[in-house]
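One structure is given here, and the rest of the page talks about it.
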Amino acid sequence: MSLAVRRTCATLFINRNVSFDLYQRQHFASFHSVPFHRPSITTLRSMVRTTSTCSAQQSNLPRLPVPTLADTARKYLKTVAPLLNNDEFNETKKIVEEFQHESKPLQELLLKRADTEENWLSQWWLDKVYLEWRSNLPIFYNPALLLPRQSYRDFDGQIQFAAHVIQGILQYRSLIDSNQIPVDRFGSDPLCMDQYRKVLGICRIPAKSIDRLHLYNKTGHRHVAVFHRNNIYRLPVYDDQGNKLSAADIYSSLKKLADSKGSDEKQTLIGHLTADERQLWAPIHEQLSLVPENKKFFDTINDSLFVLCLDENYQSSSGTAIKKDTQTLIGLNFLHGGGTKYNTANRWFDKTLQVIVAPDGYSGVNYEHSLAEGGIITALVDYVLDHCKTTQPLVSTNKPSLLNKCQVVIPKDVEQSISESEKRVNKFIENCDLTVYKYPEFGKEFAKQNKLSIDGMIQVALQVAYFRMHGKCGATYESGSLRRYHLGRTETIRSCTLEAQQFARAMSEQHNETGSNTKYELFLKAMQAQRQYTTDAINAKGIDRHLLGLRLIAAENNLPKPALYNHISYKRAMHYILSTSQVGAKHDCVMIYGPAVDDGYGCCYNPRNDSINYMVTTFKINNGGTNPIEFSNHFNSSLTDIRSLIEVNTAKTMKAKL
């Protein structure tokens with residue numbers, strides 16, 4: 001993520017001596033929703049219900065409030081306490097006291113901004129957190145969503161499923177355009193539905209210092225851009241009267257790809273450019289756009305409703321073919337394409353929505369994060385998968401194919417830049433490690449039976465897992481939704497609390513010095529602390545967006561920033577070791593994104609009734625001993641131990657009552 005002028009942001013959170021790549025990820029960590037991180041609906045998903053339809057009530061949503069300096073100062077001290085020793089914490093208390101005095105004029109300016117803007121944060125958030133972001137989109141920013149495996153195993157099944165997916169998305173688009181998407185609610189409160197209109201038809205355009213967005217037009221976007229073997233095709237999905245084409249018609253057009261599969265050579269690699277650093281992709285994009293013959297190519301992508309990526313089989317870097325039960329390799333493919341040897345050039349990461357369909361029954365989504373959170377994407381996917389369940393096998397209509405191949409002309413003076421980009425992207429992708437896992441022992445039902453929050457249980461288990469593996473706690477980012485407010489996006493839920501640290505330490509003892517009763521009491525205190533911070537965050541009473549706003553308002557007005565922003569406590573608090581999010585889905589999905597920092601973990605999860613789908617990502621270089629499989633093992637054992645702790649102590653309680 002990122003916000004208004006990149007140079008301004010360069011000092012927002014990070015010491016200038018840090019390497020550029022590490023700075024980018026740390027900067028990303030400071031805002032992350034994946035992430036991602038990114039993709040959030042974290043604490044609302046299980047409690048959201050949908051009623052009525054989009055209406056004028058959306059304009060009556062409350063504006064995002066500005067927290068008080070006193071509240072932010074108090075909560076800041078509480079959140080950094082687990083990250084500091086006694087001397088550091090005592091020093092931090094003095095710095096925070098100074099901060100309250102130094103920030104008074106900034107607070108006044110921020111309150112004035114809140115009075116005049118629809119949402120005092122939203123434009124900053126879009127510009128600084130996203131469009132000024134200069135590093136790679138995949139892994140850092142673009143999350144992927146891995147969908148349940150389908151029954152097909154050949155190319156014909158692949159394009160049949162793709163046709164049904166396209167038809168489902170067209171139906172969903174009709175609901176969006178006609179304001180028929182049911183309004184999400186948190187209890188009785190309606191949530192902001194603005195993001196639903198910002199998923200289809202949008203494309204990010206690279207530029208030197210700040211990217212721009214090719215926005216949605218209700219009367220446009222009558223085609224889908226199809227990527228196959230690195231070739232790009234224009235596929236109309238509406239007729240001349242604006243009626244949706246049938247799935248059979250779409251399937252018939254896609255069959256042309258089967259007829260040309262043997263003779264159609266892979267096009268010159270270009271899709272991978274969208275996976276490169278933005279400041280390096282921008283000049284290449286500009287040079288390619290100056291070629292008149294390339295207008296059709298870029299219009300096909302930019303004006304498309306979304307991108308459909310028809311993949312070839314993906315293998316690991318070692319050459320081992322995908323196993324039928326290996327979702328980890330599939331997850332890597334959907335996250336970044338596996339490199340130009342496989343499917344990275346068969347992508348367009350600048351497009352808000354990419355639907356990826358592989359030939360072996362696997363499918364997924366990769367989405368550009370600027371305008372929408374993960375919960376909005378899973379809502380669309382849930383609708384489409386429900387639609388696909390009701391479909392029948394397709395029969396070709398034998399109509400002429402509407403598929404139109406687009407050629408791209410590569411000037412000689414750009415060829416070297418494209419080749420260098422390919423090398424950079426492949427090296428970048430190789431640095432990401434991942435595991436995807438389904439924890440089978442319990443899920444939402446067990447939590448409900450024990451009157452506990454499944455999200456809280458997972459967050460506390462993550463703290464235990466990290467403590468067991470690394471012998472300490474680290475700053476943790478969990479995405480919390482601010483959609484109760486007009487144009488609300490996310491706030492950080494800081495899950496590394498003193499209470500969670502105390503419980504993690506007790507659960508990591510070598511000789512079980514702490515008894516079961518005491519551990520259970522510590523667990524309940526950790527859960528209560530998690531619940532309280534979650535409640536604060538989704539009610540716009542967190543600290544991170546407020547601190548960000550004060551920093552940005554100072555920069556805009558050429559005012560000095562408070563000393564807090566250079567303090568060790570702040571730098572440590574913004575170094576998100578654990579970048580986490582709950583992205584729930586009706587179907588058996590899991591969302592995937594990269595870590596926020598070199599020595600950190602990305603962890604996204606989808607609690608099911610009796611299981612928990614989750615992923616863990618790490619980097620391979622300068623990773624501080626992180627390992628996704630080892631962390632996954634610790635996470636599994638932490639969940640199991642917490643379940644046992646609950647069962648033992650609830651049994652004792654029941655026995656005492658008898």
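Including glycine, each Cβ sits where the backbone N, Cα and C put it.
Annotated domain 'Choline/carnitine acyltransferase' per TrEMBL: 64-634, in sequence order. According to TrEMBL, the feature active site, proton acceptor maps to His369. TrEMBL lists Lys444, Lys448, Gln449, Asn450, Lys451, Leu452, Ser453, Ile454, Asp455, Ser481, Arg531, Gln582 with the feature CoA binding site. Annotation comment: TrEMBL describes Tyr477, Ser479, Thr490 as (R)-carnitine binding site.
Mapped onto this structure are the features recorded in TrEMBL.
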residue: Gln449; record: CoA binding site; contacts (Cβ under 8 Å, 6+ apart): none
residue: Lys451; record: CoA binding site; contacts (Cβ under 8 Å, 6+ apart): none
residue: Ser453; record: CoA binding site; contacts (Cβ under 8 Å, 6+ apart): Ala447, Met527, Gln530, Arg531
Cβ neighbours of Asp455 (CoA binding site) where a neighbour is any other Cβ within 10 Å: 28
Distance from Thr490 ((R)-carnitine binding site) back to the residue listed as 'active site, proton acceptor', taken between C-alpha atoms, in Å: 12
Most distant Cα pair in Å, residues Tyr477, Ser479, Thr490 binding (R)-carnitine: 11
Rounded to the nearest Å - Cα separation of Ser479 ((R)-carnitine binding site) and Asp455 (CoA binding site): 11
For the domain 'Choline/carnitine acyltransferase' (64-634), the mean pLDDT of the predicted model: 95
Collapsed DSSP category at Tyr477 ((R)-carnitine binding site): strand
Among His369, Lys444, Arg531, the most crowded of the recorded positions [Cβ within 10 Å]: His369
Integer Å distance between the CA atoms belonging to Thr490 ((R)-carnitine binding site) and Lys444 (CoA binding site): 23
Cβ packing number for Ser479 ((R)-carnitine binding site), 10 Å threshold: 32
Thr490 ((R)-carnitine binding site): secondary structure state under DSSP, collapsed to three categories: strand
Distance from Asp455 (CoA binding site) back to Thr490 ((R)-carnitine binding site), taken between C-alpha atoms, in Å: 16
Between Asp455 (CoA binding site) and Tyr477 ((R)-carnitine binding site): CA-CA distance (Å): 13
Mapped DSSP class for Asp455 (CoA binding site), helix or strand or coil: helix
For Gln449 (CoA binding site), the three-state class that DSSP assigns: helix
Site diameter for CoA, Å, by largest Cα distance between Lys444, Lys448, Gln449, Asn450, Lys451, Leu452, Ser453, Ile454, Asp455, Ser481, Arg531, Gln582: 25
